[in-house]
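The following features are taken from TrEMBL:
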ACT_SITE  LYS8  active site
DOMAIN    67-141  domain 'GHMP kinase N-terminal'
BINDING   PRO94, SER95, GLY96, ALA97, GLY98, LEU99, GLY100, GLY101, GLY102, SER103, SER104  ATP binding site
ACT_SITE  ASP136  active site
DOMAIN    195-254  domain 'GHMP kinase C-terminal'
Amino acid sequence: MISFPNAKINLGLNIVGKRADGYHNLETIFYPIPLEDILEIEVLDHTEKPFELSISGIPIEGNLANNLVVKAYLLLKEKYNLPPIHIYLHKNIPSGAGLGGGSSDAAFMLKLLNDTFELNLTTTELEEHAAKLGADCAFFIQNKPTFAEGIGNIFSSIELNLSGYQIFLIKPDVFISTAMAFSNIKPHQPELNLKEIIQKPIAQWHKWMANDFEESIFKEIPELGKIKEELYQAGAIYASMSGAGSSIYGIFKDNCTLIPNSNEGKYLLNL
Ligand SMILES: C[C@](O)(CO)[C@H](O)COP(=O)(O)OP(=O)(O)OC[C@H]1O[C@@H](n2ccc(N)nc2=O)[C@H](O)[C@@H]1O
Ligand SMILES: Nc1ncnc2c1ncn2[C@@H]1O[C@H](COP(=O)(O)OP(=O)(O)OP(=O)(O)O)[C@@H](O)[C@H]1O
């Protein structure tokens, strides 16, 4: 069976508190975008190996056994006595981009295993398994525009439909450690809650909607702030860094004239 794990962007990202376990409480809106990996599994017969993994597309650092799709498989394998499988993963979503690529792959693997082997896991059970694999994973189980709080795994539904808009996404060739980004943040309450902001016209969002990581990360890597400005100059009605970076996106009302080039980490997506 095959599936197409998609990426996400964060619309606003407010770090509102630090938890005893070292993680941070945040408020954000996760929005799925049509930039997708390809994930396929097939049952392996006559093998002693628990799994095989073939990866193509954008290279991923780290060894195969640490890949999040493997971690998702091993999470369910023991509990449900799953057979050995061959995993094929083609990467189109850049890593370390704030796009949830690895997390999406993991969540879609859980859904693929659930369907393939008819495990009958509920959405809540799948979200609980996903939350063990990363703060961003649980969102990709239902995979629809959602207000998230807690570490990013407590969801409340929202009405938000950006169909008809375009997103121009730029993934600069810089790496940002998510842990480091969080350590530079002083938690605070936002002036307006994101659920209120998205009730307003999208052209006004820039007055209140903020990604709290931008201040410290743009100071360290000014290039990222410049990219955000250039997106506004090119006509974006809203632009921001996604997650803890490093990708920067601009939302356009189908009038984007910028030229995409995935080899340069530039993507034009129709929502
Ligand atoms: C920043 C976001 O991308 C927003 O969508 C996510 O919250 C990050 O999710 P993620 O990349 O899956 O993060 P994880 O891989 O789970 O955590 C990486 C590190 O980020 C820090 N971290 C992550 C999430 C969170 N709510 N608080 C944190 O302090 C922790 O130090 C953690 O060890
Ligand atoms: N399937 C995978 N795809 C991408 N990265 C993976 C995968 N499995 C493990 N990783 C490792 O996880 C790290 C984080 O990957 P990625 O940034 O795509 O995931 P994410 O944390 O969900 O997204 P982000 O934090 O950027 O929103 C990568 O640098 C990589 O070393």
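Heads up, the Cβ atoms here are built off N, Cα and C, so glycines get one too.
Automatic, uncurated: that is what TrEMBL annotation is.
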Secondary structure tally of the domain 'GHMP kinase N-terminal' (67-141) (DSSP, helix then strand then coil): 41 helix, 7 strand, 27 coil
Filtered recorded positions, from LYS8, PRO94, GLY100, whose Cβ is under 6 Å from an atom of ligand 2: GLY100
Cβ atoms near GLY98 (ATP binding site) (within 10 Å, other residues, all chains): 29
Recorded positions whose CB lies under 6 angstroms from ligand 1, from LYS8, PRO94, GLY96, GLY102, SER104, ASP136: ASP136
Inter-residue C-alpha distance, PRO94 (ATP binding site) and ASP136 (active site) (nearest angstrom): 15
Integer Cα-Cα distance in angstrom, GLY98 (ATP binding site) to LYS8 (active site): 8
Chain-internal residues near SER104 (ATP binding site), provided their CB is under 8 angstroms and they sit 6+ positions away: PRO5, ASN6, ALA7, LYS8, ASP37, ILE93, ASP136, CYS137, PHE140
